[in-house]
Amino acid sequence: MTESRLKARHPAFTRWADHRLTVPAVFAWGAAFVLVAQPGAAASALLVAVACLSASLALWRALASAEAGSRRGRVLRRVRGGLPTLAVCAGIGACIATAVLVLQPLREPPLLVDSAQQTLSAELEVLGTPSETAHSGFGGESVSGVRFEATLQRVQDSAGSSDLTSTRVLLFVDNLATVDAPVIGSTIRVDARFRPTDDGSQTAWLAFAEGRPQTIQPPGWQLAWAADLRARFADAARGLPGDGAELVPGLALGDDSLVDASLDEAMKDSGLSHLTAVSGANCAIVIAGAFLLAGFAGLRRGARLGAAGAVLVLFVILVTPQPSVIRAAAMAAIVLVSIGASRSARGMPVLCLAVVSLIVTDPWLSHSFGFALSSLATAGLLLFTRPLTSALSRWTPTWLAAVIAVPLAAQLACQPVLVLLTPTIAPYSIPANLLAAPAAPIATVVGLLACLMGALIPPLAVPTVWLCWLPAAWIGAVARFFAGAPGARLPWVPGLVGALLVLVLTALALWVVLASGTPRLRRITAVFLVAAVVGVYGGVLVGGTIALRLSVPQNWRIAACDVGQGDAVLVRSGDAIALIDTGPEPDALRACLDRMQIGRIDLLVLTHFDLDHIGGIGTALGRADAVLVGPTDGGADERVVRRLVESGATVRQAARGDRGELGALRWDVLWPVVDTTLRGNGASVTLRFSGDIDALFLGDLGESDQAQLMAEGRIGPVDVVKVAHHGSGDQSAELYNRIHAPAGIISVGADNDYGHPNDRILEILADASTRVFRTDQLGLIVVSIEGDDTVVWSERKAAAGAASAVSAPPSRLDKRTDRVRTRGYCTRRKTNGEGLDPATLVGAGSPCARCAGIGHGVVSRRAQHPAAP
């Protein structure tokens with residue numbers, strides 16, 4: 001019996017046929033995920049796959065004559081029915097293992113492996129659009145630049161040895177603007193240092209350019225044409241106002257280079273970030289438009305298919321081949337081929353075939369979050385939209401049920417992976433999508449027309465871009481509204497446990513909504529599910545959050561957030577809060593503010609505009625009342641200031657002599673001087689807080705700037721110093737001796753690339769009798785006042801030996817008792833009249849009575865220290 005007759009006589013066959021490729025697709029993804037992470041197992045996997053393929057084919061043939069009438073015969077025929085799937089999986093596994101065996105050596109050119117971290121001359125073909133980067137240089141200077149993906153074609157060392165290869169790398173180029181970066185398809189030559197990535201990464205190497213790349217071959221005409229169109233469209237969008245200007249290129253072409261950090265954060269918090277990524281909807285719009293135009297032109301079916309295919313290729317070139325674009329284009333191509341062959345093309349088989357084809361071609365796609373989210377969202381729409389619409393229509397009109405089902409299906413499918421990326425839940429994503437998603441196709445169609453108008457009919461391009469701006473501005477407004485709503489991001493269990501928990505709860509929820517059964521059974525199951533969610537969420541997260549908050553001293557004055565390689569320090573006096581810098585990214589700052597129960601920020605200080613100090617600005621927007629900023633240097637800095645003003649904050653540039661009050665504390669700006677010509681690190685806003693605690697915050701000042709700071713005015717002793725520039729070696733020993741702080745906080749990322757903190761600053765601090773507390777070792781660091789003691793608390797214990805390596809010499813601490821806080825543990829050291837005696841350590845291994853459960857670290861207060869030299 002033919003397949004068409006089976007479908008006609010047995011509707012269940014259609015549902016089964018739609019999912020025949022699901023198992024091979026899932027197997028392909030899993031096999032590729034494992035093999036690219038463990039490439040050494042590829043040869044063994046190939047042998048096993050070939051053996052399984054041979055065995056399944058032989059067994060399938062041997063069971064062909066099984067008798068259908070007997071019970072044994074029915075079992076054997078069922079076994080035989082499953083053998084084709086096993087054979088297909090084995091064949092796919094063999095292909096993936098072969099691909100890994102062939103491609104892995106190309107990812108490890110001998111010259112790169114032998115010369116890692118050495119400067120090599122390289123020729124590369126640019127693959128991706130550039131994105132901005134910013135970091136602090138090894139010498140303390142502020143450095144900005146770009147990064148983009150490229151294919152390494154040739155590499156040569158200083159001795160003249162060379163390798164030909166085809167390896168994907170991520171190239172970082174300092175002191176280069178995005179507008180000056182090489183375009184996609186061009187071949188460049190550059191001297192660079194190379195560092196390998198993990199085996200599973202799509203980019204095999206990170207390359208750090210030393211100097212500007214030189215273009216030795218321009219791109220082909222088609223790539224040059226696409227780059228020119230993208231550049232013209234982006235330039236036209238820059239002239240538009242507000243958030244709409246930033247979203248227009250993303251909605252039309254998937255180009256999010258104009259989206260600033262705060263809008264990007266708002267799009268993520270509201271669950272709308274997928275709208276700026278090219279997906280199957282974009283490809284469907286393009287192909288439908290091509291079919292319509294070809295139909296109006298009177299072309300036959302074959303010509304219409306050819307025109308649609310050509311337009312699809314041009315569209316992929318225009319928007320650049322990102323993982324989501326590749327998946328969508330592959331599905332579209334399969335649909336076109338199916339139409340040309342006069343065969344039906346149902347959604348799930350097409351998706352599965354596209355996934356298998358792409359992963360067999362490039363197994364490293366299995367580790368791409370973008371590819372995973374794109375595929376899962378498509379699968380969710382194909383599998384759950386119709387059943388959810390049917391289920392929801394029991395309580396709502398059918399049209400409303402269909403509108404709700406689309407974003408709900410995609411969200412349910414993607415949420416386990418989203419939790420792996422960011423351990424939070426966006427509860428407003430569905431209503432936000434209900435309001436914003438209908439505007440996205442309009443922006444896409446009009447934006448594509450505007451992009452083409454820029455090349456074909458330039459006078460019409462500007463008004464068309466303005467038409468595209470209207471739906472884009474609406475989407476931006478929706479994102480801002482929901483991102484600013486209470487509970488826009490709910491914390492969740494991080495890591496694989498959190499993802500599995502979401503997966504289980506999602507499966508239970510779908511079963512409750514979609515499964516057949518009595519209403520009473522569904523109600524009982526629903527109540528159980530709600531109780532389980534509330535219990536898990538309350539027990540694991542709320543209970544954990546309460547425990548963490550209770551462990552933090554309630555009378556804290558200073559809190560150094562653990563935000564990685566960056567600064568974000570809170571200062572509190574009564575109910576008044578100051579935040580000095582925001583760290584490199586919003587999520588880490590948000591977690592710290594939530595833990596410290598911070599809602600409003602009375603004073604926000606942006607010491608300077610390096611990414612590691614302002615990258616988390618999206619979290620601070622809308623919270624800050626007054627903002628002090630360092631000198632701006634270019635359009636990017638001005639955009640940050642403009643965004644702060646638009647959020648309702650009062651912003652002014654800080655200069656020496658500015659002063660104010662934070663509760664009972666007084667703050668004074670010590671640097672930079674009025675009308676300074678300095679920019680970046682050297683112009684870092686330097687503040688001193690005075691009152692029941694004295695603290696000095698040095699930003700990223702280098703040694704020469706610190707010398708000028710001392711020359712400009714009297715720098716006296718303080719209780720706490722925020723060590724400059726994450727502990728770089730470019731520091732003034734005289735300054736730290738003069739302030740003679742008992743406690744020094746270094747906000748630094750673990751295993752950072754800059755060697756922070758430098759041994760020199762650790763020696764300087766030791767000589768100044770300053771005990772060091774590092775966020776990379778201790779996590780969150782909190783300073784509070786207990787009587788005449790400055791008490792330092794940290795969320796975790798430093799690694800064995802770390803404290804002794806960085807702490808001040810015990811003999812220099814003039815205090816009767818010193819307690820060093822670790823999580824729920826402290827040690828008390830007996831002292832003689834001159835200082836601490838490490839040999840008389842007592843109480844090791846158990847907390848003292850006072851510190852049981854919540855330990856402390858106590859260092860001497862300024863009033864009890866000898867005068868600074």
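From the backbone N, Cα and C atoms, a Cβ is placed for every residue, glycine too.
As annotated by TrEMBL, transmembrane segment applies to 21-37, 43-63, 83-103, 272-295, 302-319, 371-388, 400-422, 434-457, 464-483, 495-514, 526-548. The annotation domain 'Metallo-beta-lactamase' is assigned in TrEMBL to 565-740.
Listed as Cβ neighbours of the transmembrane segment (302-319) (distance under 8 Å, sequence separation of 6 or more from its ends, same chain) are residues 222-223, 226, 229-230, 253-255, 278, 282-283, 286-287, 289-291, 293-295, 325-326, 329, 332-333, 336, 339-340, 451. Beyond the ends of the transmembrane segment (83-103), by six or more residues, the same chain brings 20, 23-24, 27-28, 31-32, 35-36, 39, 42-43, 45-46, 48-50, 52-53, 56-57, 59-60, 63, 356, 359-363 to within a C-beta distance below 8 angstroms of the stretch.
Contact between the transmembrane segment (272-295) and the transmembrane segment (21-37) does not hold: fewer than three of their C-beta pairs are under 8 Å, each pair 6 or more apart in sequence. Listed as Cβ neighbours of the transmembrane segment (400-422) (distance under 8 Å, sequence separation of 6 or more from its ends, same chain) are residues 268, 271, 274, 369, 372-373, 376-377, 379-381, 383-386, 388-393, 429-430, 433-434, 437, 492-496, 498-500, 502-503, 506, 509-510, 587. Same-chain neighbours of the transmembrane segment (434-457): 225, 228-230, 232-233, 236, 247-249, 251-253, 270, 272, 275, 281-282, 285-286, 289, 318, 403-404, 406-407, 464-465, 467-468, 471-472, 474-475, 478-479, counting only residues six or more beyond its ends whose CB sits under 8 Å from a CB of the stretch. Per-residue confidence over the domain 'Metallo-beta-lactamase' (565-740) averages 87 (mean pLDDT, predicted model).
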